[in-house]
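Summarising the annotation, TrEMBL assigns active site, proton acceptor to 71. Sequence annotations record features per position, and here TrEMBL assigns Ca(2+) 1 binding site to 72, 75, 77, 79, 81, 94. Annotation comment: TrEMBL describes 199 as heme b binding site. Taken from TrEMBL, the feature Ca(2+) 2 binding site applies to 200, 251, 259. The disulfide bond annotation in TrEMBL covers 40-121, 73-78, 127-329, 206-238. Sequence annotations record features per position, and here TrEMBL assigns signal peptide to 1-29. The site 'Transition state stabilizer' annotation in TrEMBL covers 67.
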Ligand code: HEM
């Protein structure tokens, strides 16, 4: 009897410690595709039907929603912080940060999704998860891949405007800088190329690429990595001293379809943003062979895109008892 005591305590101590760790850190829980199976089993179809309805009157909305998830995840992780309106609690919103101001859109559709989801399962589904689900639905509805969205994120209670200004890549940056911004959130070069493929749908305003059209980097000439025929079209749509807000299709060959044409365009010097074309035109870059692969093998692109969306969706989520489930995506609860 006496001899068994040290042996038992040797066994019990690690078990007890493990249990203690699990109890103390419930927030380290992983996201899961079944998180809402019992609490909101129809959440995916509710999200999908609201997106589908919005597409009837706005063929661009799926692209806009997909971009919201990206801009959410790159700032304080995927915590729905981009959705918070500037107000009493939120003095400097992410919405008003440079990459989002007069650019990010789809907030009203997120509100509609939230209302629909709340009607079926009140107080259960986070706004951060709604963004992840809306992105997947948008891609699938445009003809792109489907994947099992991992959910269980909770909503943050603050916004980080300076973080948005610093962390979201701009279309004027070098591939090295943009790669570093992806690496900063744990995403690699394959993720960068695959996720840039989201520019297979949606629009961009002239102000985001007109520096390429007439006097690129002070050379007095257009960006040499722009095809001359495409250049002529873009110069017409975005004349010097014209409006910076005129819209252009990011993928001129199939504007609203989610396909691999974005990569085929890069092979033909028809990337719209400088940051797009850099993936293929930066000498010696490891991204070139990935672009070549996705341009010729749409299945490879779709598989990589789905995996990279999961990777991006895993950036620092709040889980367990962190954050909250916002009842209005625009406001922290109780404010
Ligand atoms: C790699 C660095 C990236 C840069 C520099 C960049 C930059 C931009 C810019 C400047 C626009 C045009 C915005 C406007 O005209 O208002 C845009 C649009 C868009 N971006 Fe990106 N982006 C990047 C990566 C991504 C990623 C990772 C995704 C999603 C996975 C994404 C999805 C989109 C979509 C779908 C649109 C069209 C939005 C709409 O039509 O409303 N982008 N991006």
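Yeah, the Cβs are placed from backbone N, Cα and C, and that goes for glycine too.
Nobody curates TrEMBL annotations by hand; they come from automatic prediction.
Here the features listed in TrEMBL are placed on the structure.
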residue : record                : CB count, 10 Å
40      : disulfide bond        : 19
73      : disulfide bond        : 29
75      : Ca(2+) 1 binding site : 28
77      : Ca(2+) 1 binding site : 19
81      : Ca(2+) 1 binding site : 29
94      : Ca(2+) 1 binding site : 29
121     : disulfide bond        : 15
238     : disulfide bond        : 21
251     : Ca(2+) 2 binding site : 27
329     : disulfide bond        : 22
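Proximity to ligand 1 at the level of Cβ atoms, with a cut-off under 6 angstroms, picks out 67 from the recorded positions 67, 78, 79, 206. Just so you know, of the binding-site residues 72, 79, 259, the Cβ with the fewest other Cβ atoms around it within 10 Å is the one at 259. For residue 200 (Ca(2+) 2 binding site), the nearest of the recorded positions by C-alpha distance turns out to be 73; the candidates were 73, 77, 79, 127, 329. All chains included, 18 other C-beta atoms sit within 10 angstroms of the C-beta of residue 206 (disulfide bond). In terms of Cα distance, none of the recorded positions chosen from 67, 71, 199 sits within 10 Å of residue 127 (disulfide bond). Taking the centroid of the Cβ atoms of 200, 251, 259 as the Ca(2+) 2 site, the other same-chain residues with Cβ within 8 Å of it are 197, 199, 201, 250, 253, 254, 257, 258, 260, 261, 262.
DSSP gives residue 238 (disulfide bond) a coil state; it is part of no helix or strand. Residue 199 (heme b binding site) sits 22 Å from residue 77 (Ca(2+) 1 binding site), taking the Cα positions as reference. Around residue 78 (disulfide bond), taking its Cβ as the centre, 29 other Cβ atoms fall within 10 Å, counting all chains. On the backbone, the CA of residue 329 (disulfide bond) and the CA of residue 259 (Ca(2+) 2 binding site) stand 31 Å apart. Of all the recorded positions in the record (71, 72, 79, 121), the one with the smallest CA separation from residue 251 (Ca(2+) 2 binding site) is 71. When the Cα atoms are compared, residue 81 (Ca(2+) 1 binding site) and residue 40 (disulfide bond) turn out to be 22 Å apart. For residue 77 (Ca(2+) 1 binding site) paired with residue 206 (disulfide bond), the C-alpha to C-alpha distance reads 29 Å. Here the Cα atom of residue 75 (Ca(2+) 1 binding site) is found 27 Å from that of residue 40 (disulfide bond).
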